[in-house]
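What follows is one structure encoded as structure tokens, with my remarks underneath.
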Amino acid sequence: MPGPGKASYRVGLFLFSQHLNHPRWRMSQATAASPFLLATSLGKKYLMALSGLFLVSFLPVHLAGNFLLFKNDGGAAFDAYSVFMSTSPIIRVLEVTLVLGFAVHIIDALLLTLRNRSARPVGYKGGKGGRSALFSTYMGVTGSIILIYLIIHINSFTLKHRIYEPDNLAFYHTVKSAFETQWGGFYAWFYVAAMLLMGFHLNHGFSSAFQSLGLNHRKYTPLIKKIGLLYSIAIPVGFASIPVFFQLRYLNLF
């Protein structure tokens, strides 16, 4: 006859096995069975959410520096800020981290989209799956346009001073001429349109990131959605105000 210690152990093991078989834990078991969490759709959603929130944290910092363009000093403050951002070793390390964050977010979005499309039955429409597919397509389209904007933006500003003209420290003049005359002035309005799309992308992505991480709560989820809405308006409007400012001043309307 087993002793009380062994009997307690068996009872505990039985209860634990029943706990694991509960429906709420089945997804976790399936995920844990995978050799790599990131190889699963759930893992990719986690990675998408975390990389997205990381990029969200960068935008206010970048916008704060760009607001120096409004200072009426001929661009001296912005040039000094840009030189520091271009030469500081700490900033360079942060830039690499930021680039990796963008790369992870973009690649993960592509892989997740391809996986969702391959898993969806041909001709499937309507219902929750249809809405999910529409949301995925919407985020994919806005994200793709934002990516095109980023490539043009980095080429026009960052690469110009890092590679094409490394001795050129007139950062303010580069921004000013880009928003006044580049593409016949069209670049400024392309920038504004890109910010509008970024606002939609942020609004949908902000709250869905928290949902993907399992942070759903009757009390706090509505608050998160409100914060996401305010953020998705304030940040794009802040960035869009810069080209509008230069265009209006160039046209003698301001």
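Each position is counted from 1, following the chain as shown.
Glycine residues also receive a Cβ, built from the backbone N, Cα and C atoms like all the rest.
Curation plays no part in TrEMBL annotations; they are all automatic predictions.
Quantities reported herein were computed from a predicted structural model and do not represent experimental measurements.
Residues or ranges marked as transmembrane segment in TrEMBL: 46-70, 90-112, 133-152, 186-206, 227-246.
Sequence-distant contacts of the transmembrane segment (133-152) (same chain, at least 6 residues past either end, Cβ-Cβ under 8 Å): 102, 106, 109, 112-113, 116, 120, 124, 190-191, 194, 197-198, 200-201, 204-205. Of the two recorded stretches, the transmembrane segment (227-246) does not lie close to the transmembrane segment (90-112), with fewer than three CB pairs under 8 Å once pairs fewer than 6 apart in sequence are set aside.
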